[in-house]
C-alpha cells in the first residue's frame with residue numbers, strides 16, 4: 001500500500017446486514033462504500049509490496065448459477081465510490097467485524113483482544129477467544145506487510161459467518177500489533193483475502209477455499225457488484241456461489257488466469273481517446289483487485305493519460321535533457337528500423353544490452369537531487385523511445401513528435417502520488433479503454449475521476465496512479481474499484497478465469 005497521503009484507496013469491502021433466508025447455495029454480502037475523506041488519511045491498496053513480494057437477464061455461462069440456484073450473497077456499502085465495506089462474524093456466538101474483501105490477498109485477520117500496545121486495536125472491534133464456544137488454539141506467529149503498514153499476531157481457529165453461512169474451523173490471524181497510523185484511522189477492522197492460497201501465510205486455507213470445500217456454495221464462483229451511485233441504496237454486493245443477473249447488462253467476457261496468487265490475466269493495449277499508448281500492444285499483465293480503489297499502471301502510460309486530462313506531474317530535468325539532446329537521434333534510429341531495445345545503449349544512455357523495460361524504477365528520475373542519475377537518464381530514454389515509436393505508428397511528423405515528448409516531460413507522475421485535475425474540463429477529457437480478451441472496456445471521465453466535496457468546494461482527482469514493475473513480471477496494471485465499479489467482475493475459481501461485463 002502507498003503512504004497515507006497517496007490517493008490509491010484501499011476499498012473497505014465490509015459485510016453489512018446478513019440476509020434472512022438466502023437462496024440455496026448463494027451467499028450474499030452487502031457492501032458499504034466510504035468516500036475519499038478530506039478529514040482523514042487516504043490509504044492505498046496492497047500495491048508494490050504485494051506485487052514485488054510474489055507480491056446478469058439470465059445470460060451467462062451455463063455452468064454459473066444465478067441467485068435462483070444454490071449460492072449466497074453479501075451486500076456491500078459504498079461511500080463516494082472510494083471504499084466498500086460490510087460485516088462478518090467470528091466465533092460462537094458471532095463477534096462482528098467490518099472487513100475488506102480483498103482479491104489481492106489471501107489472509108483473514110481481525111484485531112485481537114490481546115493487542116495491548118497498538119492504539120489502532122483500541123479504536124476497533126477485537127476478537128475475544130474466551131467468549132467463543134468454538135475457539136481452538138493454534139498460536140503460530142504470523143506477520144503481514146502491506147504497502148501502508150504491517151500487522152503481526154498469531155493463528156487461531158474458529159467458525160466464521162459470511163452472509164448467512166458458517167465456515168467451520170477456519171484458521172485466521174489474531175492481530176496483536178498494528179503499528180501503522182493507517183490502521184489506526186481505518187474504517188475497517190480487518191481484511192478477508194479472496195486471493196489464491198499460494199499467497200496465504202503459514203499454509204492457511206483461505207476462507208473462500210473452505211466455503212467451497214465445505215459445500216457452502218453451489219459453484220466455485222464469486223462476483224463483485226459495486227454500486228457507483230453512492231446515494232442510491234446499498235453500496236454493492238458480493239455473491240458467493242454464482243452471479244446475480246440484476247448486477248450486469250451484458251454477457252461477460254472471460255480471460256484465463258495466467259498466474260495463481262493474485263487474480264492475474266493478460267491484457268492488451270490501453271487506448272486514450274481511441275489511440276494506442278504503445279506499451280501494452282503486445283501484452284501487459286493485469287490484476288483484478290477489489291482491495292485497490294484506483295487504476296495503477298506503468299509510468300510511461302500514466303504520463304500520456306496525465307497529458308490528455310491535464311494532470312500536472314513532477315519536473316524531470318533528465319526527461320528534458322533526453323528530449324532536447326537525444327530526441328532527433330532516437331527518431332533517426334527508429335526510422336532506420338533499429339531495434340528499439342538497442343537505441344538507448346547505442347546513444348550512450350544505457351549501459352546494458354537490451355531494454356530493462358520502461359516500467360522499471362522510474363522513481364530514480366527524481367531521487368537524485370544533487371545531480372543527474374545514469375539510471376534515470378536510461379529509463380527516461382526508454383520511455384522516450386516508446387513514445388516516439390508510438391507516434392511514428394500514428395504518422396505524426398518528426399517536429400510534432402519531438403514537441404510531444406518534450407510536453408510529456410512535464411506530466412511524469414510522482415510514483416504512487418495523486419494528481420488533481422480541473423473539474424471544469426471533464427467534458428473534454430477522453431475515454432480510456434483497456435483491451436481485455438480482444439474486447440475494449442472503456443472508462444469515461446465521470447468514471448475515472450474522483451470528486452471530493454460539493455459545489456464550489458469540489459475537487460477532482462485522477463483515478464490513475466503510476467507504479468512500475470520491471471519485466472518479466474511487468475509491465476503490470478492493477479484494475480481496482482474504479483474499473484470493477486464500471487464492470488461487474490466474476491472470479492471463477494473452478495475454471496480459473498476472470499470475467500467482466502458492463503455493470504447495472
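Here the Cβ of each residue, glycine as well, is placed from N, Cα and C on the backbone.
For reference, TrEMBL has these:
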{"type": "SIGNAL", "residues": "1-25", "note": "signal peptide"}
{"type": "DOMAIN", "residues": "84-501", "note": "domain 'Peptidase A1'"}
{"type": "ACT_SITE", "residues": "102", "note": "active site"}
{"type": "DISULFID", "residues": "115-121", "note": "disulfide bond"}
{"type": "DISULFID", "residues": "280-284", "note": "disulfide bond"}
{"type": "ACT_SITE", "residues": "289", "note": "active site"}
{"type": "DOMAIN", "residues": "314-354", "note": "domain 'Saposin B-type'"}
{"type": "DOMAIN", "residues": "374-415", "note": "domain 'Saposin B-type'"}
Test of understanding: give the count of other CB atoms lying within 10 angstroms of the CB of residue 121 (disulfide bond).
23
Of the recorded positions 102, 115, 121, which one sits closest to residue 280 (disulfide bond) when you measure Cα to Cα?
102
Cα-Cα distance linking residue 284 (disulfide bond) and residue 121 (disulfide bond), given in Å to the nearest integer:
39
Can you check which residue among the disulfide-bonded residues 115, 280, 284 has the largest number of Cβ atoms within 10 Å of its own?
280
When secondary structure is assigned with DSSP, how many helix, strand and coil residues does the domain 'Saposin B-type' (374-415) contain?
31 helix, 1 strand, 10 coil
With residue 102 (active site) as the reference Cα, tell me which of the recorded positions 115, 284, 289 is the closest one.
289
I need the most crowded of these active-site residues: 102, 289. Count other C-beta atoms within 10 angstroms of each C-beta and give me the top one.
289
Taking just the CA atoms, what is the gap between residue 115 (disulfide bond) and residue 289 (active site) in Å?
29
